[in-house]
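Copied over from TrEMBL, here are the features:
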{"type": "COMPBIAS", "residues": "A:1-12", "note": "compositional bias 'Polar residues'"}
{"type": "DOMAIN", "residues": "A:502-594", "note": "domain 'DYW'"}
{"type": "REGION", "residues": "A:1-22", "note": "region 'Disordered'"}
{"type": "REPEAT", "residues": "A:84-118", "note": "repeat 'PPR'"}
{"type": "REPEAT", "residues": "A:185-219", "note": "repeat 'PPR'"}
{"type": "REPEAT", "residues": "A:255-285", "note": "repeat 'PPR'"}
{"type": "REPEAT", "residues": "A:286-320", "note": "repeat 'PPR'"}
Amino acid sequence: MEAKQRGNQQIDLQHGESHSHSPTYQAVLRAGPRVRPLQQAHAQIVVLGKHCNLALLTKLLTLACAAGSITYTRRLFLTVSKPDSFLFNSLIKGSSKFGFPYDAVWFYNRMLLADISPSNYTFTSVIKACADLSALRLGRSIHSHVLICGYGSDSYVQAALVAFYAKSSELSVARRLFDRIPEKTIVAWNSMISGYDQNGFSREAIGLFYQMRELGVEPDSSTFVSVLSACAQLGAIGLGCRVHDYVVSNGFDVNVVLGTSLINMYCRCGNVIKARNVFDLMSERNVIAWTAMISGYGIHGYGREAMELFGQMQTRGPRPNNITFVAVLSACAHAGLIQEGRRAFADMKQEYGLVPGVEHHVCMVDMLGRAGLLNEAYQFVKELNPGELTPAVWTAMLGACKMHKKFDLGVQVAEHLLAVEPENPGHYVMLSNIYALAGKMDRVELVRNMMIRRGLKKQVGYSTVEVDQKTYLFSMGDKSHPETDEIYRYLDDLMLRCREAGYVPASESVMHEVEEEEREYALRYHSEKLAIAFGLLKTSLGMVITVVKNLRMCEDCHSAIKYISVVCNREIVVRDKLRFHHFNNGSCSCLDYW
DNA sequence: CTAGGGTTAG
């Protein structure tokens, strides 16, 4: 064995190739993360009989992985006779870093089979792979390997574990682990904050951020990204602006990720102008940044601006991808840009070779349906492959039927949906609304009863409004607020003034409320009306009121708010589940098209 | 002989 090693070394020395400056090693480095040049370098290695040089092979394999060819990497790996821990660690890290989590796990298993002990470095990478796979069971067992091998207090491993449990929706486990870390690194904090954010617990994410600040821990750009995302979800522009100020005044570099996060926050908090400012100032803009900005215009109904930016992207920006086209098509749908939408859908397939998915189909049906082109929308649906006829597509078709009062087709579609997704309360609500519009009140009652019998409840609607950087939450008929009496009195008075100005409340028949109590409160006290009343009470003239609602707005509220904007002479902005409505002087930016 | 980890955007 010793003799053999020495022998190899002698050969290497002969060729002068035993260290990193050898021509072969240089050839591998020059090849970089590109498959073809790597194959050539590999050929050279084989020809020179250097296929036993592990250092060389490790570099080659790492680059093959970085080149994105996991098949080539694996093929090369099988030619290595005695892989060592260094090679395994490099491979596991590379596969998990470059998006091959399955392979990372596979290499990890090979490592164990080869009886090579994993190190803390091994664990960080393989745990990340488990996180990417949301592979809870596997991750748990690797967690126990960690403890057995004595790496339970390695700070890198701990942060990776926190992120892993959070990504596997085990937030309480993640939190318990996090709490037990005596010296929390900034990455541990970030893992927990982003864990909350990614699971929709925006308030918890922000709460933990405040806790971290109180302990004097300095945030970094990754912290900001998660906090801004939480602000975006909540519509918390106050905190969002403060984070932005902090970033700028402390000289943080607004990199492409942070910039995109800011764009998203400003767009979803209602300030597209500031979002565009950030976009224009960014030194690097990738496809995600462009898509975020286009999508931002889209949700505000600024279809022209969205298409203008998309045009620029096509001529001098990064190549649009599937998600870009979701943003483009939905912008077209919200703004009624039918020609542009049809064109984009065709370009997506023909010019860019992209395959439309469910979301694109939904956008198309939605776009055509809203515009009243019901036949074309229906034709579009019928031309889809059976596998593409998802409930989401039918739901879009149903929305169009309801909007344009296509009774027969609407009932047909709704009944189909009820059969496929009997547990989705939204379908019942739609069907009952369609019956109500057709004046078939007995049917309305029937659907309502069916819903009750199946124990289904309409999703609870709530709205939030920010006053003095604090957000207040209201739900329908809510009386939990300490100033409830004042708010209700003010709202009643306000609606009276709206009626005098010509507002006609929607008839009760079009409202679908399951509980008796809800019916009583429904019209007058929908959550957005309460939130707006509170906002008007607490802010001075000239201040814009911004409300965030978790569901779509009903037509009655939409009409009422138009009147409120007149009688109070206020600009009111409402973000509903899908888009923004800017109410001013009695009209809405969506032009009643939403 | 060879590097070095975990967190972050649409």
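Just so it is clear, glycine is given a Cβ too, placed from its N, Cα and C backbone atoms.
Any TrEMBL annotation is an automated prediction that lacks curation.
Taken through DSSP, the repeat 'PPR' (A:255-285) splits into 23 helix, 0 strand, 8 coil. When Cβ-Cβ distances below 8 Å are used as the criterion, the repeat 'PPR' (A:255-285) is approached by residues 221, 224-225, 228-229, 231-233, 235-237, 240, 244, 247, 292-293, 295-297, 299-300, 302, 305, 317-318, 546, 573, 575, 580 of the same chain, each at least six residues removed from its ends. For the repeat 'PPR' (A:286-320), the DSSP-based tally of helix, strand and coil residues reads 27 helix, 0 strand, 8 coil.
The residues of the repeat 'PPR' (A:185-219), classed with DSSP into helix (H, G, I), strand (E, B) and coil, number 26 helix, 0 strand, 9 coil.
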